[in-house]
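Structure first, then comments.
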Amino acid sequence: MSLIIQSLPHWSRIPPRPPQLSQFQNSSRPKPLIQAGQVQHNALQIARRSANYHPSIWDPQYIESLKSPYGDECFGTRLEKLKFEAKRLLEATIEPLSWLELVDSIQRLGVAYHFEDEIKEGLDGVYGVGAHAGDDLYTAALQFRLLRQHGYGVTPDIFNKFLEKERTFKACTSLDAKGLLSLYEASHTMIHGEEVLEDAKEFSVKHLNYLMGNLQNNLREQVQHALEMPLHWRMPRLEAKHYIDVNGRSDERNMVLLELARLDFNFVQSKHQEELKEVSRWWRDLGLAKKLGFSRDRLVENYLWAVGIAPEPKFSNCRKGLTKLISILTVIDDIYDVYGSLDELELFTEAVKRWDIEALETLPEYMKICYLALFNFVHEVSYDTLKDYGWNILPFIREEWERLCMSYLVEAEWFGNGNKPALDEYLRNGWISVGGPVAMVHAYFLQGRPIRKDSINFLDHGSELIYWSSVATRLNDDLGTSKAEMKRGDVPKAVECYMIQTGESYEDAREHIQGLVRDCWKKMNEECLKCCLPKSYVETVLNMVRTAQCIYQHGDGIGTSTGVTQDRVISLICEPVPSQWP
């Protein structure tokens with residue numbers, strides 16, 4: 001075990017959740033929803049903190065004006081024809097390397113969900129061949145990465161042919177830029193204990209940087225893009241937009257795939273625009289942003305989160321549900337982090353534990369509308385799941401919200417008492433307070449698949465995949481927000497906890513936390529090879545981390561959502577890709 005991983009919490013099990021859902025199957029309907037307007041308000045004056053969050057940068061009229069022509073039937077007909085042609089191309093490509101490159105392009109272009117069966121059948125055949133991946137580094141690394149990403153138990157022994165007796169990479173590979181880039185991308189699918197892949201990452205980074213100045217423009221851009229963030233860590237929808245642009249400028253572009261990717265991107269974007277309009281109306285009608293002006297009004301940015309986590313068209317309900325969840329969660333987070341007194345926060349936490357509408361009368365005025373919004377949302381999700389699948393998930397997701405609010409209260413008590421927790425103690429609480437577990441449990445039920453008992457049991461007893469992805473999300477969040485929160489005097493987050501604990505500088509502390517993120521990815525990669533959850537859901541969990549790395553890559557992309565976050569919203573949701581290239 002590395003020194004880095006020892007800084008993470010040491011338990012291997014997640015704290016227990018409520019009884020298995022089978023005990024609640026086909027039970028009575030949730031309580032009817034209550035209208036927020038029924039609540040009577042009583043003002044309570046208390047000195048309040050403020051984070052001075054800027055208001056929403058998105059004009060509701062602009063959101064309502066979004067209208068893409070790509071949802072029209074004529075484009076749907078063309079899309080189906082292109083899918084058929086691409087499927088024929090997959091079937092007709094016999095040469096192994098050409099087929100692997102085709103699959104890699106299909107994935108990067110964001111259209112692999114159309115060809116899941118064909119890709120699986122082909123990879124089954126590749127895996128059956130064993131370690132015979134060809135004699136060049138590029139092919140071997142590409143094959144290894146694709147198999148790992150799809151959950152095949154391939155080992156790094158495939159790289160032995162490129163090693164000297166001393167287990168170092170042969171000198172001749174140091175000049176193969178294309179092979180080094182492929183090796184670099186493959187190394188990020190590593191799990192703990194795979195030293196050859198650790199060496200591969202260091203070796204490829206060193207020599208790619210050395211070769212950079214002598215590379216042709218197209219390859220140099222690819223290397224720079226990869227070294228900024230590896231493919232395995234990138235938000236898929238954002239990578240698809242980038243890769244469509246790169247292919248549009250390439251002399252080697254495949255016109256069938258390129259047109260398919262362009263049209264599919266714009267078609268899916270048209271669906272995303274309609275969803276954004278729907279949840280924007282819901283948010284305005286809910287009234288939380290207007291009533292609770294101290295909180296972050298980030299509906300559009302929250303929808304970007306949802307697009308990053310579950311981008312495919314079939315997950316429309318999941319995206320809308322996650323946007324609602326994140327929006328309500330953000331307000332509650334700001335109540336605990338900034339606005340509420342400790343006495344008020346204890347009342348709110350107790351009300352969530354009771355989960356009784358009568359608890360409303362124990363709350364101060366401003367908390368009532370927030371409690372009702374949460375109450376109604378959870379009952380809506382529970383009712384829809386019971387109606388469609390016969391499972392009463394209310395006790396299950398209630399428990400997740402209770403754990404979340406309890407973790408918020410712990411952080412509020414740390415702040416109120418001036419406590420500065422050690423990094424281990426902070427992360428034991430922080431993996432919950434980041435909202436990962438509550439979001440991923442909701443996502444499972446919102447994705448519209450028949451609910452499997454074995455998956456329920458897996459979630460119920462604690463998912464290591466959800467745990468490590470939540471730790472990684474927390475660490476990425478803290479890397480992006482630490483400067484602003486330290487300046488504001490908030491409770492110490494991961495970077496500051498490590499600085500206080502060790503006396504290290506801010507830069508060294510950030511480097512350590514980045515190392516923890518890398519270790520989390522190794523654990524997630526390992527869990528992906530052995531967990532029993534549906535593959536599409538596993539990707540959803542990984543996408544939470546990928547989206548967090550996108551949102552917090554250049555700072556607090558939610559607290560301050562101008563700049564990079566605004567540009568990414570426009571790029572992914574508002575502006576279609578060009579219909580033709582020079």
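Cβ from N, Cα, C; glycine included.
Per Swiss-Prot, transit peptide is recorded for 1-35.
Sequence annotations record features per position, and here Swiss-Prot assigns (2E)-geranyl diphosphate binding site to ARG296, ASP333, ASP337, ARG474, ASP477 based on similarity to another entry. DSSP assigns ASP333 ((2E)-geranyl diphosphate binding site) to a helical segment in the three-state reduction. Within 10 Å of the C-beta of ASP333 ((2E)-geranyl diphosphate binding site) we count 20 further C-beta atoms, all protein chains included.
As annotated by Swiss-Prot, Mg(2+) 1 binding site applies to ASP333, ASP337, with the evidence given as similarity to another entry. Other Cβ atoms within 10 Å of the Cβ of ASP337 ((2E)-geranyl diphosphate binding site), summed over all protein chains shown, number 21.
According to Swiss-Prot, the feature Mg(2+) 2 binding site maps to ASP333, ASP337.
What Swiss-Prot lists as motif 'DDXXD motif' is 333-337, and the listing cites a curator's inference. Residues 51, 53, 292, 294-296, 345, 348, 367, 370, 405, 408-409, 411-412, 435, 490 of the same chain lie 6+ residues outside the motif 'DDXXD motif' (333-337) yet bring a C-beta within less than 8 angstroms of a C-beta in it.
What Swiss-Prot records for ASP477, THR481, GLU485 is Mg(2+) 3 binding site, and it gives similarity to another entry as the kind of evidence. Over all protein chains present, the Cβ of ASP477 ((2E)-geranyl diphosphate binding site) has 25 other Cβ atoms lying within 10 Å. Under DSSP, ASP477 ((2E)-geranyl diphosphate binding site) is assigned to a helix (H, G or I) in the three-state scheme.
When Cα-Cα distances from THR481 (Mg(2+) 3 binding site) are compared across the binding-site residues ARG296, ASP333, ASP337, ARG474, the shortest belongs to ARG474. Confidence in the motif 'DDXXD motif' (333-337), given as mean pLDDT, stands at 97. Excluding ASP477, THR481, GLU485, which define the Mg(2+) 3 site, the same chain contributes ASP478, LEU479, GLY480, SER482, ALA484, LYS493, TYR552, ASP556, GLY559 within 8 Å (Cβ to the Cβ centroid), listed in sequence order. Other Cβ atoms within 10 Å of the Cβ of THR481 (Mg(2+) 3 binding site) number 21 in total over all chains. You'll find the Cα of ASP333 ((2E)-geranyl diphosphate binding site) roughly 14 Å from the Cα of GLU485 (Mg(2+) 3 binding site). Neighbour counts of Cβ atoms within 10 Å were compared across the binding-site residues ARG296, ARG474; the minimum falls on ARG296. According to DSSP, GLU485 (Mg(2+) 3 binding site) sits within a helical segment. Counting in whole angstrom, ARG474 ((2E)-geranyl diphosphate binding site) lies 14 from GLU485 (Mg(2+) 3 binding site) by their C-alpha atoms.
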